[in-house]
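Taken from TrEMBL as is:
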ACT_SITE  Glu182  active site, proton donor
ACT_SITE  Glu388  active site, nucleophile
BINDING   Gln36, His137, Asn181, Tyr316, Trp434, Glu441, Trp442  substrate binding site
COMPBIAS  1-11  compositional bias 'Polar residues'
REGION    1-21  region 'Disordered'
REGION    325-345  region 'Disordered'
Amino acid sequence: MTSQSTASLGQTEEEPKPDIHFPEDFVWGVATASFQIEGATTEDGRGPSIWDTFCATPGKVENGDTGDPACDHYHRYRDDVALMRDLGVGAYRFSIAWPRIQPEGKGKPLEAGLDFYDRLVDCVLEAGIDPWPTLYHWDLPQALEDEGGWPNRDTAKRFADYAEIVYSRLGDRITHWNTLNEPWCSAFLGYASGVHAPGRREPAAALAAAHHLMLGHGLAANAIRELGRQAGHAPKVGIVHNQTTVRPYTDSEADRDAARRIDALRNRIFTEPLVKGRYPEDLLADVSGISDYGFVKDGDLEIISTPLDMMGVNFYNPSWVSGNRENGGSDRLPSEDYSPSVGSEHVVDVDPGLPVTAMGWPIDASGMYDTLTRLANDYPGLTLYVTENGAAFDDKVVDGAVHDTERIAYLDAHLRAVHAAIEAGVPLKGYFAWSLLDNFEWALGYGKRFGIVHVDYESQVRTVKDSGLWYSRVVRAGGIVGQQ
Ligand code: IFM
């Protein structure tokens, strides 16, 4: 299955001492998501998700790629767990596919779907790895989208029901639960720019979706805690957020205001309600021409701000913005469609001229430090985890190896920034590399490779990249060995 033996996976007789040492109880993990790796999209009664529909719509996903075969993880999960064990990671962040549990998004659960995650969790535990499920990583059952999707308040309640079903089945073996992955993407890429499923371009609906996603989080978190209390477990519940640092391109007033607006739309729209139980005033003023926020009902903010045991941060790059359209328009930047487009139409992403990954994302590890320290300052005491960090590069397998030195440099620099943040007092308890495997990168299909393990999608052969070997050494040593 893999083209490398266990012996080559970074295990040496005597572990070298790290130069940059992380705390003893630091969690070292890898992350994936159901639709991106599982394949088997029509097997065992799984219902269609919005991503199946989006993939089947011509022109939406590069190369016409779909969720099949992905990494065929649905059938090969044992091999993939063995790979993780060989790498030495301590935790596995994966997501559960709602349409495998409730094909129509509501009603009686499908045993076959629950059985799959039951087997996966047992297998992960047998390998000595801690399972960290995320309940929603974007694969909404299509039937719920047909009823309005996340802009429809009822979806939040359906999500809480689904969370109860999953917790009831797996809660005896799992401590760390994340409700949602990157609600910003679900709301704004899904319902405003439309570059992600379900592909709608309705700015007001995107704001309602953001609210209902958080409401779903709060309802699910409360339900999990109550079930945990009844069963005598102590689940830790969090949410994963793609918080980033938004930098003004210049010190001009227009650029500083652009950064404030995007920061509100990207970061504070989530963190303020979640942690403080209120929406930022400046955000409400900025979007007042689009929505009066009438979807916020009495009691919602109290539910949304149910205390978080942890917050996951997915960090890839900081961004630079300008209030002057003439500063935008570089070919190296990802499609303009990726810019938030709700009440910020005059704001442009600016190319800072730094080296970029295969995604066109600028590489600047200081953004990791700034993002983490800012969260710790704004929300003292909030336990943080980096739940995703990584980079896509154009990897090639040559003689059974992938020499991805650029990815090693990226991971090394970002881990050093994480370490510096901890030294500065940030209560950061773990790091998950994105991703264990190359996988389906949403609208960009299989062309973008983020894995520390290469996947040949035709043969399904896995090849641990040099970055995987490097990460394995870091994990085993509990820190970074040597200079970059
Ligand atoms: O692949 C995605 C993942 O699903 C969510 N966070 C960002 C990754 C890279 O784009």
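Glycine is treated like the rest: Cβ placed from N, Cα and C.
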Would you list, in sequence order, the residues of this chain other than Gln36, His137, Asn181, Tyr316, Trp434, Glu441, Trp442 that have their CB within 8 A of the centroid of the site's CB atoms, where the site is the one recorded for substrate? Ala33, Glu182, Glu388, Ser435, Asn439, Phe450
Can you tell me the three-state DSSP label for the residue listed as 'active site, nucleophile'? strand
Write out the long-range same-chain contacts of Asn181 (substrate binding site), meaning residues 6 or more apart in sequence whose Cβ is under 8 Å from its Cβ. Ala33, Ser95, Thr134, Tyr136, His137, Trp138, Val240, Asn314
In whole Å, how far does the CA atom of Trp434 (substrate binding site) lie from that of Glu388 (active site, nucleophile)? 5
Using only C-alpha positions, which one of Glu388, Glu441, Trp442 is spatially nearest Glu182 (active site, proton donor)? These are the recorded positions in the record. Glu388
Between the C-alpha atoms of Trp442 (substrate binding site) and the residue listed as 'active site, nucleophile', the distance in angstrom, to the nearest integer, is 16
Among the binding-site residues listed here (Gln36, Tyr316, Glu441), which has the Cα closest to the Cα of Glu388 (active site, nucleophile)? Tyr316
Using other CB atoms within 10 angstroms as the count, which residue among the recorded positions Glu182, Glu388, Glu441 scores least? Glu441
